[in-house]
Structures are given as structure tokens and as C-alpha cells.
Amino acid sequence: MTTLKPPKPTHQYQYSYRSLYLSAIGWIQLIAYWSYYVQFPGLLSSSGIEPVHRVFSRAAPSLHQAWIQSGQKIDEDSLCELLALSGMILAALIASGWCQHAVLFAANVAIYGLLVRTGGTFYSFQWDTLLLETTTVTCLTYAPWWRFRPVDNDQSPVAAIPLRFLLFKLMFMSGIVKLQAHCPTWEHLTALEYHFATQCLPGPLAWHAHQLHPFLLRLGVAITLWIELPATLLLVLPLKSVRRVGALLQLSLQVLIILTGNYNFFNLLTMALCIPVWEEEEQQNNNNNTDDARANKKQTTTTILWVLVEQLFCWTFLLGTFFSMFRIVHVGPDQNLNIVLLQDSMWIQPQVFLPWVPGGTLVLIAVTTLVTTTTPRPSKIFHGLVCFLVVGIVALPIFHQIPLGDNQTLRPGPWFRTYIQPYWLVHGYGLFRRMTGVGTVPRGATGWAGLPPSAVARPEIILEGLFAVDNDEGEKEWHELDMFRWKPGAVNAMPRQMAPHQPRLDWQMWFAALGNINHNPWLVHLIQKILEGCEPVMDLVGAASPSMKQLQKIRGKLYHYDFTRLNTTWSRTIPGVEILPPSDDSNLLVPSKVWSRKLVHEYLPPVGTKELKEFLRLHGYKRYCVDPKQRCARHHANPWCPIATSIRQFRIYLLIPSTLVLLVLSRLWRRQRLVPRQDSPVTHKQKRGDSLEEKKNQ
């Protein structure tokens, strides 16, 4: 008797890692565009802090000359807003899964690339270039070109290799630059004793992580370097179970970073890149025939044995590399437990093994393409060639930024800087090259395990305002301005969660505190906008209160911030820290005081609108602020300005996320309908087909 089987669902509606990855990239693109759009009026508009018209003609000269210069077609503000809205729509289509064609990714590369290049100071971050590079590689090698949605059985076996190599490059470069900078905090594995308090925008759990035992924090630094250096090699190996271990290690690191910091969509994008590392190379068909069942059972046994061999190799490699990089020791008269980095380890000398990784990846692409292409299909061979070229170009920044000793033949020539770098499509990476906010300690002072105490001195700019008073005899006092929604300010305020959104102004204030006012003219322009009460900027900084209209002058002071500490043995060895009273030990979730701070010096002397006029003129800033509802008054012949203004004024852009939710729900409903139930009735056509198959077998 023949067992009747339900028909298989159509390929395009099967669950696949490929479709999941493309949807994840669509969601991340939507987050990036949304964050750009909501901050545009205060940041980049003509009334904003860093207007796009200052750089647009240099960033996109052809587009500026054809569409903007005449003033009859469109203005910079309307163009950027409409491009961001268009990008949101394309990203929503990708995220919903209804259309994931490569053309959509190519369009988003062009749109977001233009927005980033015209974003000036506020769009010079590595995650923006990573999103562009990831979208470019996805467009060329992974997204479908001949269908609207990916089909599992039509995927090239080498399609995921360039994305795996991109993740390897990102993580490996992030690890190696930390050691190349010869920063004592990385070499002594004390970086996490500073990081949680000194990162740009700490997360809600950063204060709690800062209280951990020094040995745990130093072990965390060691594990971070281990994951970012030798463990990255697992990501590009042609062994599925080994790659998955590498992906799990990277995912674990990203989750810990998300819990303690606010790095916008950066961690989500890194986690999305782990999906091609995890995916299957091929789909297996299950048959109910007895011979096939025996063959499958034998194949399953072989597969299990092979996986065990792979895992034995994997963990032997991981444990061997960890103990070749680090050593656990007991230090001092108290025999304090510590972990040290071995400076002679080959894993901190990239010139020894690094050139082999891109070469091995290229060989893997070539061999896989030739072996899996049993019949000469030009499309498969062409796709393999594209993947080969993409990996070769993606690898160039590795040899451009990392010293390779006397081997200069691998370095890219001037053509790389001329034809590749200006478009931000390929980039090098490396966050936290040197740890900032490291304070000074008295000579001879020792902390845990004999190392110098980890004194934190996070620089932070605090703006103060002088307000007009009704009584002439009244004494004028400076008041700290309650603005900036996200960055540290009030000492009693816990850090807040804002990722995956990135408040660009609050981020840039962190960089401004590391320098001086002459290197940050945009900050002077911000102060001028606040003094004039420019509405888009006031909405951005969160200071649109009536009292701000009486503001006469502003000054800036530089403070050194540090988290408060619990009363522990290691905290008492750090000079200058503020230790919480014992009563706070019972309420660790919300301490009575989060930050301690010390005044360092005056960052910006008191200034009013008159004092700023000449400075802003020399730096190319024009005194311009207009009511957002009236901004089209000077663009009479421009038909696009009223459209862009109406979309923002009436919140029409809110239709995009709501439409996306409807698209996702409708796609899930349709997939549920197309996948038949196991107990569904058998149709006449199925019965007839099974009868013919049975007669044929007889």
C-alpha cells in the first residue's frame, strides 16, 4: 500500500536563511533611514547645525549642477528628505519579504551613500560605511537578480562566502587595531575597567557592569580579543558545524555589547552577517522508499561522526589559541588572580598568517564553483567570478591598514584610493583603537594584582546659560542647561536605552569633549542656534521651553565624569572615586547617585550672538533659521518642496511602518495558506499520480 504524501510547498514560500538575512538587512536599512529622517531638520537642513548645502556641491557635483543649482527643480533639503523616504519604502519592501530583488539593494546603496556623503561631521561613522559595504556585497552576490524573492534551490553554493569574509574582516580588524595601537589598557587587559563609563553613550546596565570584579573584567577583555582574532577564522572555514560555533561566539559578544552600550544598528548588522555563516549549503530531499531510508540512515551516521570530528578540531583549535595568547597567574603578596596577554603569541602578529585568509577564501570560491557546477551553466560560473572579484576587493583595506612587514606586494596601489575609497563602498574597521577617559593616578599607586588603579576621567561638555532678569538689581546667575536627551549630564540620571536609533548630536558631543572648540566649529553654530531659539534645533536638543527665549549668553565647561562605586576592596584602591554609602547596597538596581564629576576647565568662554558672528562667517556658516512650515516661501518654482513639507507636517511618513506591518502579516497569512496540513484530504489528481507511480514500480 502506497503512503500518500502531501505536496511540497512552492519553493518561493519555503523558510530559508537567505530570505531571513535579506529581511534583516531591510529592517536595518529602515532603521537607518528613519533615524536620518527624524533628525534631519535639526541636524542637516538649511536651519540645522550642519546644513547639507555646505557640502552637497562637492559630494555630488553632477547631481547638484543638474537639479539644484538652477533652483527651479528641487532644493537640497527636499531632495534629502524625499530620498530618505524613498529609502524607507524600498527597505520596507525588502524587510516584508514581498520583494527582495537586487535592484532594491542597488538603489539603497546609491541613496544611503549620497545621504552619508552629504552628512558631513555627523555621518562619518564606521557603521554607516559598514551598512553601505554590506548592502553592496549583498546586492552583487546574495540577493536574487532573476526573481523578486530568493528561491532555495536556485542559490549558488558560493553566494554566502563573500558575506562570511566581510564579517571576518570586520571582526578581525576590530581586534587587531586594539593591539597595534599599543594602548596599555588593551595590553594589560584593563580596558573594560574604563569602557563601560567612557563609551560614547552608556547603556542602562553599564553602571552595574562597571562594578564587576577586576579579574572578571580582565577575563572579559581576553575573551573579546580571542573572539575578535583567532575565533574569526572559524567564520570562513568550509565546515558547517565549525562555522556555527564561530557564529555563536560572535553573537554572544554582540549581545553583551547591546546590553551595556548604545551602538545604534551596528550590533544588529553584525548579528545579521552571522546568518550567512549559519546557513546550509544544500537542501536535502527526504524520500519514503526503503532503500533511500537505509541510505539516509547510513548517511546520518556518517554525518554525526563527521560533525564530532569537526567539533573536536574546532575546540582543540579554540582552546589552543586561547592558552597560546593568555596566561592566568597569581600576583602580589595576596596572590591576587590575574590574566596576562602573551606578547610573543602569533595571534597578535597578523603578518604571520593574515595573507593566507583572503587567498584561501578565493581558492574556496574557485574550487566550490568548479566542483558544484556539474553542467556548464554560464550563470553559475559568472556568479562565481563575481564572488571571486568581490572578495578580492573587500580584502584590500586589510592590507592597506595592517602592517605586513617587508611584504609590500599585497598593498593596494593608488588606484584603490582613487576609484574605491571615495564611494565608501569598501572600508576598513577598528573601534576603540585607544581607550579614552583614562585618568591619572599618583606615582607608585597600585590596584588589583599590582597594576595601576583604573581611574576613570570621562570628558564631558556641560553648557550653562545666562538668562535675562526683570530686576536690574538682581544678581545674574549661570544655570546648567537641561538639554541633550541622551548623553550624560545630571549626576543622578541613569543611562538610557536609545539603540538602534543613533542620536547623532549626542554622539558628536562626546567627540567634541576629546578636543577643543577650534576643532568643532559646528558646536559654535549649535550655540548660535540655541541663542536665537531656532525651532528645528531646539526640538532636536529637547530644550524648546519658553524660558529659553530669555537666554542671553552660553558658556561651556569641561568636566571629568566617573561612575560611582560600591564599597568593595578593589574600589577603595582607586584614588578619587566616590563610593556609595552602605545603604545603597540594598538597592543596586537604581543607585541614589550614578555619576561623580570634577570640573577641569572652561571649554568655551561666555558668548552671545554678537561674539559668534565673525567666527561663524570664517567657517562658512550663514545665519539662517526659518519656520519649518514656511520654508518653501523662497522656493516658488520648486514643486517638490511643498510635497516634502506636507509629508513631515502631517506625519504621512508614519504610514511606512504601519504598511510594513500589514505586508509582513499578509505574507505570513499567505505562506500559511500555501503550506498544506499533514492531514489534508488527498485530491483526485494526487491519487491518480500515486496509482501511476505504483504501476510503474511494478
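Cβ from N, Cα, C; glycine included.
Annotation source TrEMBL lists compositional bias 'Basic and acidic residues' at 688-698.
The domain 'Lipase maturation factor 1/2 N-terminal' annotation in TrEMBL covers 123-281.
The domain 'Lipase maturation factor 1/2 C-terminal' annotation in TrEMBL covers 457-572.
Annotation comment: TrEMBL describes 679-698 as region 'Disordered'.
Tertiary proximity for the transmembrane segment (20-37) is limited to same-chain residues at least six positions away from its ends with a CB under 8 Å from its CB atoms, namely 81, 84-85, 87-88, 90-97, 100, 105, 108, 112, 115, 119, 128, 131, 134-135, 138, 142-143, 150, 163, 264-265, 268-269, 272, 275-276, 279, 500-502, 653, 656-657, 660. According to TrEMBL, the transmembrane segment annotation covers 20-37 (among others).
The annotation transmembrane segment is assigned in TrEMBL to 88-115 (among others). Non-local neighbours of the transmembrane segment (88-115) in the same chain are 19, 22-23, 25-27, 29-30, 32-34, 36-37, 59-60, 63, 80, 123, 128, 131-132, 135-136, 138-140, 143-145, 147-150, 423-425, 653, 656-657, 659-660, 663-664, 667; each lies 6+ residues outside the stretch with a CB under 8 Å from one of its CB atoms.
Summarising the annotation, TrEMBL assigns transmembrane segment to 215-239 (among others).
Positions annotated as transmembrane segment by TrEMBL: 245-266 (among others).
Beyond the transmembrane segment (304-326), the same-chain residues lying 6 or more positions past its ends with a Cβ under 8 Å from any Cβ of the stretch are 189, 222, 225-226, 229-231, 234, 239-242, 245, 339-342, 345-348. Sequence annotations record features per position, and here TrEMBL assigns transmembrane segment to 304-326 (among others).
If you look up TrEMBL, you'll see 353-374 (among others) marked as transmembrane segment.
Residues annotated as transmembrane segment in TrEMBL: 381-399 (among others). Outside the transmembrane segment (381-399), and at least 6 residues removed from its termini, the chain residues within Cβ reach (under 8 Å) are 133, 137, 140-141, 156, 158-159, 161-162, 165-166, 169, 172-173, 354-355, 358, 361-362, 365-366, 368-369, 373, 410-412, 416, 420, 426-429.
Sequence annotations record features per position, and here TrEMBL assigns transmembrane segment to 650-669 (among others).
Remote same-chain partners of the transmembrane segment (650-669), defined as residues 6 or more beyond its termini with a Cβ less than 8 Å from a stretch Cβ, comprise 30, 34, 37, 85, 88-89, 92-93, 95-98.
The list of residues near the transmembrane segment (353-374) in space but at least 6 beyond its ends in sequence, with Cβ under 8 angstroms from a Cβ of it, reads 156-158, 161, 165, 168, 172, 233, 236, 238, 346, 380-381, 383-385, 387-388, 391-392, 395, 398-399, 402, 404, 407, 410. Model confidence over the domain 'Lipase maturation factor 1/2 N-terminal' (123-281) stands at 93, taken as the mean pLDDT rounded to a whole number. Note: the domain 'Lipase maturation factor 1/2 C-terminal' (457-572) comprises 40 helix, 27 strand, 49 coil (DSSP; helix = H, G, I, strand = E, B).
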